[in-house]
Ligand SMILES: *Cc1c(COP(=O)(O)O)cnc(C)c1O
């Protein structure tokens, strides 16, 4: 590669949410294995991010690699229109068996955001086909559902890209983010905002869309499972669809297979992505109930109107099958529980630190919310100097390590976070 490839990168390549004029630094990674990323200068970093919820088994996992190699030698891709193949069928069988009950019709797409678009289109087509066209969704404040237009329109309206694209986005209805935290005691009336909004507006709504239990990119909050049970009841009462965005929470991250399992509920549509392929390939799935799928198929269109070029990509499906096979013995449960215990032991004492507003842990997710906004590039480079890969945003320093992380590696991540809080220049005053 050209020796100036970092200069080329800065000049020509967009990274997530960065400026082309003042890009945040990008660190060159040449390989990744287990819980470690290796930089081009040979430094090795303990990974605390699982590449944004995805690499749950760590990197370069031999079982997933083998499955992908085997699949490559047969075919990497073939169109899904008019063709099917084992990797997709096997994956869909697995998903139907794993997700909360009753979700049996699977749409495979290429990213989380697209899975959300698909879910929203399904809800719209469902109502159209029922002869009662409606177009509004009810979403939660501090929610995050992706970066495409439909997904953006149901993200938190204040704390997202809404304003930038104001005139292009359909307006939906929002209720306050659930205030009662996971682990607190539920009080009657905690749901007031939700129930009154639904009582007033249900007749114009298609569906409620939410991230169950964990509101991720919108603020890393964990809310009470009873809220989910109430949403389910209210959706049943008013005949609304419930869309659960499990793109971040799926596949064990919160300590259950899916976050909906904390509440024992099943949505009408569920979206999964991120960890679906163990962080190797981009793939997502939207699953729905048969009556929803059949209503949609009875529409004027006669079908569901979506079909990505790379739908059901065999290589991605093979990776997903291997990743799920690694989860099936449920040995992730004690590992996630052990990570949770170590995160609590390491992070809860930081509640006394003057820079810290809050600390929360659920499953293999640990969050330190700071009082001041974080100077991301300064703190990022300090973390790299400490030999860890932790990428904060806003006023959140958080960990969601691969499930395979060992005690020593996780301890390094925790020490780094505790140490980071003592430097004024890591914060924007
Ligand atoms: C990441 C994420 C998405 C979007 O997925 P992409 O693959 O980035 O398009 C949607 N919803 C939630 C909850 C997410 O965490």
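Cβ atoms here come from the backbone N, Cα and C positions, even for glycine.
Remember, TrEMBL labels are computer predictions, not curated facts.
Under the heading substrate binding site, TrEMBL lists 52, 144, 274, 307, 391. Here TrEMBL flags 112, 113, 245, 308, 309 as pyridoxal 5'-phosphate binding site. Per TrEMBL, N6-(pyridoxal phosphate)lysine is recorded for 274.
A map of TrEMBL features onto the structure.
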{"residue": "52", "record": "substrate binding site", "contacts (Cβ under 8 Å, 6+ apart)": "274"}
{"residue": "112", "record": "pyridoxal 5'-phosphate binding site", "contacts (Cβ under 8 Å, 6+ apart)": "146, 247, 271, 273, 274, 284"}
{"residue": "113", "record": "pyridoxal 5'-phosphate binding site", "contacts (Cβ under 8 Å, 6+ apart)": "145, 146, 147, 148, 151"}
{"residue": "144", "record": "substrate binding site", "contacts (Cβ under 8 Å, 6+ apart)": "155, 156, 160, 211, 215, 216, 217, 218"}
{"residue": "245", "record": "pyridoxal 5'-phosphate binding site", "contacts (Cβ under 8 Å, 6+ apart)": "116, 119, 143, 145, 209, 210, 211, 212, 271"}
{"residue": "307", "record": "substrate binding site", "contacts (Cβ under 8 Å, 6+ apart)": "80, 81"}
{"residue": "308", "record": "pyridoxal 5'-phosphate binding site", "contacts (Cβ under 8 Å, 6+ apart)": "109, 110, 114"}
{"residue": "309", "record": "pyridoxal 5'-phosphate binding site", "contacts (Cβ under 8 Å, 6+ apart)": "79"}
{"residue": "391", "record": "substrate binding site", "contacts (Cβ under 8 Å, 6+ apart)": "49, 376, 380"}
Of 113, 307, 308, 309, 391, which binding-site residues come close to ligand 1, meaning Cβ under 6 Å from one of its atoms?
113
Give me the count of other Cβ atoms within 10 A of the Cβ belonging to residue 274 (substrate binding site).
27
Based on DSSP, name the secondary structure state of residue 274 (substrate binding site): helix, strand or coil.
helix
